[in-house]
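See structure below.
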Amino acid sequence: MARLYYDTDANLEPLADKTVAIIGYGSQGHAHALNLRDSGVQVIVGLYPGSPSWPKAEQDGLMVKTVADAAAAADWVMILLPDEVQKAVFQGEIRPHLQPGNVLLFAHGFNIHFGQIQPPANVDVIMVAPKGPGHLVRRTYQAGEGVPCLFAVYQDASGMARERAMAYAKAIGGTRAGILETTFREETETDLFGEQVVLCGGLTALIKAGFETLVEAGYQPELAYFECLHEVKLIVDLIVEGGLEKMRHSISNTAEYGDYTRGPRIITEQTRAEMKRILAEIQSGQFAREFVLENQAGKPGLTAMRRREAEHPIEQVGRELRAMFSWLKK
């Protein structure tokens, strides 16, 4: 089993008298910036001129500068931007201002692991990745708790990179819950695999296939939506709270029996073989190259797929049914 590290295993000393630039002020950016500030760290937010997040960050009491100015003023730079824009921003606005001994941080290893960003040899390169959305990272911190984090070291120029990563994780509240050491490679490859095979790609394909099967068999689309999409949250909440065991303890015997006897007929040996092929594409860099080329071309494929998926019948049915859900309007 992996070892978890807690508050007593880390200290904030590496952050003493240091300025941290948080590049981006989205879901993770606002949580990191505010938690760091509340932990006594000097924080600057780096944004592009005219960013709608600029006044919001200022209203939150933070100093805001352009990305280049923030990078120039900081000792530590955390890049919390979409994967596809990080390379250009790093090359044009961050790299020219990095000084020996600085710390370059990421919350996902994609651009480092796949060579899109090649940092200078005289800076530490580390990762701190909360395993939860930004609003949860912030809310739990304010409640005196935290969200578990992964941390990793890619480049240790100072000899203190590991301690620095743990200090940052502590400052955003991670060590209150526990932090797990990993590598950029492991985090990147497992994250992409989980997204593609289970959480996003696998789940949405399963939901749509179930919906389509019922509708094609003559059942009302509304019932198909309830059974194949709406109730997913009910099951997932049980799994998150107590694992598969709690979910199976909470459902009916009929549902549990169907789980054991029919589930394996959906995830077959052929499905598992395809999972392995997808993992191999991630490990080889094939997916990363494909994604980079897609973005360089202006995202024509992604745009077309978004448009096509938005027109799926399940979306129209869902919009109509969700209008009935009063709890979603609160």
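These residue numbers are counts, starting from 1, taken along the chain as shown.
Placed from the backbone N, Cα and C atoms, the Cβ positions cover glycine too.
Residues or ranges marked as domain 'KARI N-terminal Rossmann' in Swiss-Prot: 2-182.
G134 (NADP(+) binding site) carries a helical DSSP state (H, G or I). Per Swiss-Prot, NADP(+) binding site is recorded for Y25, G26, S27, Q28, S51, S53, D83, E84, V85, Q86, G134, and the stated evidence type is sequence analysis.
According to Swiss-Prot, the feature active site maps to H108, an assignment based on sequence analysis. For H108 (active site), the Cβ neighbour count at a 10 Å cut-off comes to 21, with all displayed protein chains included.
Here the domain 'KARI C-terminal knotted' (183-328) returns a mean pLDDT of 97 for the predicted model. Taken from Swiss-Prot, the feature domain 'KARI C-terminal knotted' applies to 183-328, supported by sequence analysis.
Swiss-Prot lists D191, E195 with the feature Mg(2+) 1 binding site. Long-range Cβ contacts of D191 (Mg(2+) 1 binding site) within its own chain (separation 6+, distance under 8 Å): H108, G109.
Marked as substrate binding site by Swiss-Prot on the basis of sequence analysis: S252. Cβ neighbour count for S252 (substrate binding site) (all protein chains, 10 Å cutoff from its Cβ): 8.
In this entry, Y25, G26, S27, Q28, S51, S53, D83, E84, V85, Q86, G134 make up the residues listed for NADP(+), with the farthest two CA atoms of the set 20 Å from each other.
Candidate binding-site residues: D83, E195. Fewest other C-beta atoms within 10 angstroms, E195. A straight line from the CA of S51 (NADP(+) binding site) to the CA of E195 (Mg(2+) 1 binding site) spans 29 Å. Over all protein chains present, the Cβ of G134 (NADP(+) binding site) has 22 other Cβ atoms lying within 10 Å.
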